[in-house]
């Protein structure tokens, strides 16, 4: 199964592709986002595929199992916690992620939800504030898009 997400924001745009062979396989995430300042930026699946009020209407991180925010490698993490992407000096982020928690199949599918890229680096739940365990202190939402089915 394949999905696509077109990221739009103020000066930020990109295309993210998702591929999963079956419901037991990892999801391969690939793409490019342009327009982000150099450095790391939080990158998450959010609960709603709603962009009527920009990225704010995308809701919180997708978290159907009610866990704390964490790193993509943590057992205790939101399903939507994909960590950080890194933008180079040319304001381009090349994305190549393999994730074993998100899925394109079944009740907890990410299809119809959204991807949000944030202003700051995600602290992966290791910060000293309560927000660290909820949002990773990743800051404002710079760009987002709805994850939709695509041709294989």
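Here, residue 1 is simply the first one shown, and the rest follow in order.
The backbone N, Cα and C atoms fix where each Cβ goes, glycine too.
Small disclaimer: the values here were computed from a predicted structure and weren't measured.
These come from Swiss-Prot:
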BINDING   44, 46, 61, 118  Cu cation binding site
BINDING   61, 69, 78, 81  Zn(2+) binding site
DISULFID  55-144  disulfide bond
Next on the checklist: Take the mean position of the Cβ atoms of 61, 69, 78, 81, the recorded Zn(2+) site. Which other residues of that chain put their Cβ within 8 Å of it?
Outcome noted: 44, 62, 63, 67, 68, 70, 77, 79, 80, 125, 134, 135, 136
Checklist entry - Can you tell which of the recorded positions 44, 55, 61, 118, 144 lies nearest to residue 78 (Zn(2+) binding site) in space, using Cα positions? => result 61
Checklist entry - Whose Cβ lies within 8 Å of the mean position of the Cβ atoms of 44, 46, 61, 118, the Cu cation site, other than those residues? => result 42, 43, 45, 58, 60, 62, 80, 81, 115, 116, 135, 138, 141
Item to check | Other C-beta atoms that fall within 10 angstroms of the C-beta of residue 55 (disulfide bond) | outcome: 24
Checklist entry - Nearest to residue 61 (Cu cation binding site) by Cα, among 55, 81, 144 (recorded positions)? => result 81
Next on the checklist: Around the C-beta of residue 44 (Cu cation binding site), how many further C-beta atoms are within 10 angstroms, looking at every protein chain?
Outcome noted: 29
Checklist entry - Within 10 Å of residue 118 (Cu cation binding site) (Cα-Cα), which of the recorded positions 69, 81, 144? => result 144
Next on the checklist: Using the alpha carbons only, what distance in Å do you get between residue 144 (disulfide bond) and residue 69 (Zn(2+) binding site) once rounded?
Outcome noted: 19
Checklist outcome for this item: Integer Å value for the Cα distance linking residue 55 (disulfide bond) with residue 46 (Cu cation binding site) is 10
